[in-house]
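Copied over from TrEMBL, here are the features:
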{"type": "TRANSMEM", "residues": "33-53", "note": "transmembrane segment"}
{"type": "TRANSMEM", "residues": "65-84", "note": "transmembrane segment"}
{"type": "TRANSMEM", "residues": "104-127", "note": "transmembrane segment"}
{"type": "TRANSMEM", "residues": "156-179", "note": "transmembrane segment"}
{"type": "TRANSMEM", "residues": "199-226", "note": "transmembrane segment"}
{"type": "TRANSMEM", "residues": "246-267", "note": "transmembrane segment"}
{"type": "TRANSMEM", "residues": "273-290", "note": "transmembrane segment"}
{"type": "REGION", "residues": "360-408", "note": "region 'Disordered'"}
Amino acid sequence: MSSASVTPSTLSNDSNSNIYINPDHRTPNILLAWYWILIVGGQILLPFLLATMILSRNVRRDPTLVNMIITWIIFTVVLCMLYYSGHQHGAEPPFGLCLAQASLLSGAPVMSCAAGLALVMQVFLGLRNLVQKVSTSGRMTPKEDRRYQIDTRWRARAFVIVPYILLVVFTIASVIIGLRNRSSVTRSRAWLFCSIDGPIVTAVSVVSALFSAITLIFEAWIAWIFYRHGTQVASTKTESAFNVRIILRVVAFSGYSGFCWLSFIIIGTKWDIVPWILTSCVPLVAFVIFGSQKSVLRVWAFWIPRTPREELQPTSPLTPSPGSYDPNKPFSELAMAKFTAFKGSKPILVALPPQAHLPTVNDDRKLAPTQSRGSSLDEPDGMVEIPLSKNETAEPLDSPADPRDAYGWEKGYKKAASLGH
């Protein structure tokens, strides 16, 4: 790559262009650095992080977080289309290639901004729900639990799908404009990539800036929630308390990426290469912020044993678990409740002292058979199997006075009158 093929004289200084690169900055070194930052961050490190999140069961992940990473991988691939085809400098690239990149670049920024906004909104809604639970100090009713799960499921789907809908809409609109006015599709105005001159550029800039501004507003709202309720939320010794750190990581990343998009307006046209350099670093920043999570580092450092608390981390770090959350219950009891939640169709193994009488049954059924230590039954010594009828369920009791109550002693059963001789 010779410097003779990259000269400022080949540029068209279009003062009306929304994306203009100062010719003084057009050097091969900057060009290569820009491409390799995109490749290393967006096409090597981010896919590695994405594979870790998807393939490992021990990494806490959320659909909106995974989707945001995917959108930035797509964005960097689109930006490198000219580099991969060998048309990053010199003569104008073929019209078809230039139109494809310019059209995709009309939708990719909007897609990435929308995915970032969806991620922050997911954090905000999950944090607000957590604060409400802490303030009410109570569980959800079954009806509220079902409604919460349905709303969360559909909201997550919308947050994932909408960015790609915007990508398709803006890309199709750009293709139509480019085909109607072929002279508007060129690389000379933007230098780093092909662009389309016309109202579509203004629309992309306005929508991207709007999404970035809304993202920053939600981040300020999240900061206000932490200011008002941060101590109370952080002090809850539950699975949701572990979400605080990932929320702070999301806010840090979204703040940087939002500033990058707004920098196109703040910095101005004279130094337009600066915003694009800042934007090219977004994948690297994402890898550093989300790749430095303890759960991710544990997967990469697989020889380090995991602690019991890490084994109980929820799959999604951004949304509190519905129904099972109790802000007054310490972590050890929460873990106990997790491992003692039984379905009504399955029998319950109840730990009893070897000398204890069996519990009596309220519905006139026969008492369950008993076995002393050293028996030939499959149950462990001291364990008694109590079958449930079809419509019966068993749930752990809160703070039981008798240890057996935490193992599903619920309706249809009562303790024996005597537990010893």
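Every residue gets a Cβ built from N, Cα and C, even glycine.
What TrEMBL says about a protein is an automatic prediction, not a curated fact.
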In contact by Cβ distance (the transmembrane segment (273-290), the transmembrane segment (65-84); 3 or more pairs under 8 Å): yes
Surrounding residues of the transmembrane segment (246-267) on its own chain - C-beta under 8 Å, 6+ positions past either end: 60, 65, 109, 112-113, 116, 119-120, 123, 126-127, 205, 208-209, 211-213, 215-216, 219, 222-223, 274-275, 278-279, 282, 285-286, 289-290, 293, 317-318
Residue numbers, six or more beyond the limits of the transmembrane segment (199-226), whose CB comes under 8 Å of its CB atoms: 17-19, 106-107, 109-110, 113-114, 116-117, 120-121, 123-124, 127-128, 131, 166, 170, 173-174, 177, 233, 247, 251, 254-255, 257-258, 261-262, 264-265
